[in-house]
């Protein structure tokens, strides 16, 4: 009986160890935004015609593939929203391919806004370099989580949730954004709905927002799709 008791305890310990290892494995995949790397480097071949989930590796690479000055200077904010996003993702820094990280810089004129949007492939953390911002995100239970953030402060936007930043100050503001994806993707809510190509049907938007089709057409005129040649 004693031997049976010892064997039973050993079995239980092994069972717990296996469950623990499984939990770690599951946890790793739950929190990873991108697939893990399988080699030291895989510099993206941005011109390859091969279609994969990500980018294929190019054979020859240099230090230039791992560096960029893209976010070193303020961007122009003279647009309808008074803000501009400058990215440093795999499309600007090919060496980021398979590494699961990227950055962006966002500049805001006084009164400027980065309209409600989502990043379907990444969570985002912003660090305020200059000015102050009113920021927030909305949960799937329609709860608004918001606050004013100041120079030197960070704020996190969970993956996939609608969020925004607004500069209500009298001076320009700027942040650096960090993402846990080499290419987080962005869907701006107003542009997605009212500037899609082909366009979202007027009756769909009218019924969704409880407005008439004339109002829909007026809003669409402000978000006309950019023609690509």
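Backbone N, Cα and C atoms are what each Cβ position is placed from, and that goes for glycine too.
The annotation signal peptide is assigned in Swiss-Prot to 1-32 on the grounds of experimental evidence. What Swiss-Prot records for 42-57 is disulfide bond, and it gives similarity to another entry as the kind of evidence. Residues or ranges marked as N-linked glycosylation site in Swiss-Prot: 60. Summarising the annotation, Swiss-Prot assigns domain 'Cupin type-1' to 69-217 and lists sequence analysis as the type of evidence. Marked as Mn(2+) binding site by Swiss-Prot on the basis of similarity to another entry: 117, 119, 124, 163.
Location within the structure of each feature annotated in Swiss-Prot.
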| residue | record | DSSP (3 states) |
| --- | --- | --- |
| 42 | disulfide bond | coil |
| 57 | disulfide bond | strand |
| 117 | Mn(2+) binding site | strand |
| 124 | Mn(2+) binding site | strand |
| 163 | Mn(2+) binding site | strand |
Between 0 and 100, where does the mean pLDDT of the domain 'Cupin type-1' (69-217) sit?
97
What are the other residues, in sequence order, whose C-beta lies within 8 angstroms of the center of the C-beta atoms of 117, 119, 124, 163 at the Mn(2+) site?
118, 137, 157, 161, 162, 184, 186
Taking just the CA atoms, what is the gap between residue 119 (Mn(2+) binding site) and residue 42 (disulfide bond) in Å?
24
Counts of helix, strand and coil residues, the domain 'Cupin type-1' (69-217), according to DSSP:
22 helix, 56 strand, 71 coil
How big is the gap, in Å, between the Cα of residue 42 (disulfide bond) and that of residue 124 (Mn(2+) binding site), rounded to a whole number?
24
Mind telling me which of the disulfide-bonded residues 42, 57 has the densest Cβ neighbourhood, counting other Cβ atoms within 10 Å?
42
Binding-site residues compared (117, 119, 163) - the one with the fewest other Cβ atoms within 10 Å:
117
Could you check which of the binding-site residues (117, 124, 163) sits closest to residue 57 (disulfide bond), going Cα to Cα?
124
Of the binding-site residues 117, 124, 163, which one has its Cα closest to the Cα of the residue listed as 'N-linked glycosylation site'?
124
Site with most surrounding Cβ atoms, counting all protein chains shown within 10 Å, from the recorded positions 60, 124:
124
